[in-house]
Amino acid sequence: MSRDLRTERIQQERKQWRKDHPFGFYAKPTKKSDGSLDLHNWTAGIPGKQGTIWENATYPLTISFPEDYPAKPPKIKFPPAFYHPNVYPSGTICLSILNEEQDWRPAINIKSLLLGIQELLDTPNPNSPAQEPAWKAFSKSPEEYQKKVKLQAQQYKDKV
Amino acid sequence: MAVDSYIKKMFGEKSSQFADAKVLLVGAGGIGCELLKDLIMMNIGEIHVLDLDTIDLSNLNRQFLFRHKDIKQSKSKTAIAAVEFFNYKSKLYAYHGSVLDTNLFPLSFFKQFNIIYNALDNLEARFYMNRMCLYLNIPLYESGTTGLKGQVQPIYPYLTECFSCVPKETPKTFPVCTIRSTPSKPVHCITWAKDFLFSQLFSNEDTNTQEIDASEFTNEEEAEASKKEVNELADLKKIIANEGDNEIVIKIFEKIFIADIERLLKIEELWKSREKPSFEQIKDYDHFFKDINKEYLTTCKDQSTLEEILKTFASSLLRLTDRFKNNENIEFDKDDEDTLFFVMSASNIRSLIFNIPTKNEFDVKQIAGNIIPAVATTNAIMAGFSALSSVNYFLENDNINRVVKSKMVFDSSSTDKVVNSSKLIKPNPSCSACSIVKGIITIDLSSTTLGQLRDKLIEKYNYGDDVEIMTLDSRLLYDFDLEDNLEEKLTNFINDQTVLLINDSDEKFDLIELYVLNSQNSEIILPELNIPLKKIKPSENENDENDDDDKLLVDNEENNDIKVTVSLDDDDDLVEEQPPMKKRKF
Ligand SMILES: [Zn+2]
């Protein structure tokens with residue numbers, strides 16, 4: 001049994017993030033009603049890249065850190081029914097760096113994970129379909145796909 | 001010879017110190033009864049005995065202080081009453097209650113003792129007492145037995161390995177996906193047959209209680225497949241209830257051993273790094289189902305041939321079906337032949353599919369019934385070593401020397417000796433319990449602000465800049481982002497008995513853990529602590545995938561260099577040996 005590396009690492013991540021994080025992103029522990037912070041559950045937001053159909057919106061995520069983090073990856077989710085070929089109906093993201101049996105390494109920090117997810121938004125992985133609607137549209141009717149994605153971008157539109 | 005002079009002869013003049021000691025014995029069961037007798041024979045001044053249990057018929061064969069008339073009475077109270085007639089000098093006190101109950105036994109209760117002896121039968125209470133002793137810096141004599149195995153471990157907080165330093169082989173619960181989709185050991189198949197298949201088919205409990213938590217599966221397809229299985233099983237349950245002819249055997253067999261497995265086979269992810277299940281070993285099943293009946297084969301307990309396995313499955317299934325249709329409420333019971341044979345044969349069929357060794361009736365009964373026999377002799381031996389080992393506490397003047405003299409005792413794996421002893425080992429530097437220095441903070445929560453606490457901490461422990469204040473369950477109360485909280489009274493965040501974690505913002509000092517005792521009108525009283533420098537910064541640990549236990553154990557071995565010479569003449573028949581560097585059973 002080893003000591004609680006999870007909390008120590010999460011505090012480390014917070015400090016790193018505070019010092020240096022990409023423009024337009026946010027990531028922070030959720031606040032409880034008494035004013036304290038729940039370090040194991042965070043909320044985050046990822047901006048869609050400019051010049052893509054995802055632009056001008058910030059997509060919300062929840063991050064929860066399992067007990068054996070960082071040996072195991074954090075669980076990162078979009079809201080349920082999020083429209084993207086590689087996002088399961090539950091909101092779980094199908095991405096190799098988030099999978100402990102694939103490319104997750106304890107050295108990967110929150111910043112790299114969120115940048116990886118931003119990248120995935122406009123470049124879906126054709127080899128790992130996770131939901132029917134977005135997957136079908138993406139591979140068979142690009143116009144419908146673009147329309148739906150833009151509709152979703154409206155929903156998460158940045159307030160100017 | 002009077003006990004006094006006998007003890008003097010054995011342990012010398014200092015043995016008179018036994019009489020000044022106040023000790024706590026946690027547990028008055030198998031080991032506890034023995035230990036109580038031993039401690040009385042040592043003339044310990046005060047012995048406080050704590051146990052939450054009452055006496056059961058099954059205890060009487062080994063818990064020798066109890067008689068038939070004592071059944072249903074409190075163990076601790078009965079035990080001290082029983083020893084009264086041969087008690088020479090010790091003052092005895094009994095407490096009936098759970099050691100985990102902080103109302104009955106707050107931290108301040110434990111504070112009064114010189115030594116605490118654990119004679120417990122469960123890990124939860126052991127881990128708890130280990131923590132309490134770390135907060136209070138009290139030596140803990142830990143002992144335990146399983147069958148013919150046993151061990152005694154003296155724990156001197158922060159100086160020697162504590163109870164949490166070495167990973168324990170806990171009574172296993174397995175990940176759902178291992179049981180449902182990817183078994184690799186007989187016990188996985190037995191657990192599946194007993195806790196899943198049997199209860200799904202025959203238990204009267206609502207099948208909704210078996211709701212699947214998708215988060216337990218890493219693979220969403222797998223979770224879906226599992227959900228489907230449960231729904232279809234509910235259908236089979238209806239068939240069992242309504243039809244009940246021999247067709248059922250085939251239907252159920254083909255559903256759970258063919259269709260469900262085929263579904264799993266389709267999830268290719270699962271088999272990338274594992275051997276695929278295969279029907280090769282059971283492919284002739286219909287041949288054996290041609291003439292099935294409700295009488296068991298005489299050799300059915302062997303489970304050594306496919307015929308024995310399949311026919312036992314068919315017979316037990318039909319017999320249970322009959323009982324089910326008679327509205328009997330069937331629970332798994334290792335002594336109920338039908339339920340045992342069903343679980344045994346179903347798990348063996350599954351084992352054949354997953355290429356896992358099959359198990360006979362004797363083995364399945366042990367595994368499914370969770371049987372660990374308690375042996376009176378082992379208890380007596382280990383209790384004796386626990387008492388004997390604690391003699392060093394009285395004979396030596398300080399903890400350093402006590403550590404040097406004390407021994408750990410554990411069962412031997414070789415056949416020519418019963419027990420081994422070893423020197424005490426240094427704490428595991430990444431132990432979840434003792435690698436963080438602990439103490440008690442006395443504070444008035446209703447009048448003190450978080451800011452006042454922070455200032456006091458910085459002043460007392462010479463933190464360079466600032467601290468972070470967390471609770472043990474990882475609520476962050478204060479750090480650079482939470483200045484607003486500093487004005488708040490502590491009652492807003494924490495209670496009496498909350499555990500606080502204090503981290504140095506400069507990352508120079510290691511974490512400390514403070515147990516909160518709320519005391520009205522009290523000043524803030526902080527413990528004297530020796531806070532070590534931070535050993536591993538989490539950032540340096542990033543490239544290091546040390547999530548496996550082996551590595552920790554190796555570290556431990558390397559650090560096992562307590563530089564002392566230990567005189568061996570007091571235990572000629574014990575061979576000095578390293579403790580087993582495997583997961584020890586408790
Ligand atoms: Zn420890």
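Cβ atoms here come from the backbone N, Cα and C positions, even for glycine.
Predicted automatically and left uncurated, TrEMBL annotations should be read as such.
What TrEMBL says about this protein:
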- B:27-32, B:D51, B:59-62, B:K75, B:121-126: ATP binding site (BINDING)
- B:C177: active site, glycyl thioester intermediate (ACT_SITE)
- B:538-586: region 'Disordered' (REGION)
- B:541-559: compositional bias 'Acidic residues' (COMPBIAS)
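Structure with TrEMBL features highlighted.
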residue : record                                     : Cβ neighbours (10 Å)
B:G27   : ATP binding site                           : 29
B:G30   : ATP binding site                           : 25
B:D51   : ATP binding site                           : 26
B:N61   : ATP binding site                           : 11
B:D121  : ATP binding site                           : 18
B:E124  : ATP binding site                           : 11
B:C177  : active site, glycyl thioester intermediate : 17
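Note: the Cα of B:D51 (ATP binding site) and the Cα of the residue listed as 'active site, glycyl thioester intermediate' are spaced 38 Å from each other. Annotation note: B:G30 (ATP binding site) sits in a helical segment as assigned by DSSP. In this structure, B:N61 (ATP binding site) belongs to neither helix nor strand by DSSP; it is coil. The distance from the Cα of the residue listed as 'active site, glycyl thioester intermediate' to the Cα of B:D121 (ATP binding site) comes to 30 Å.
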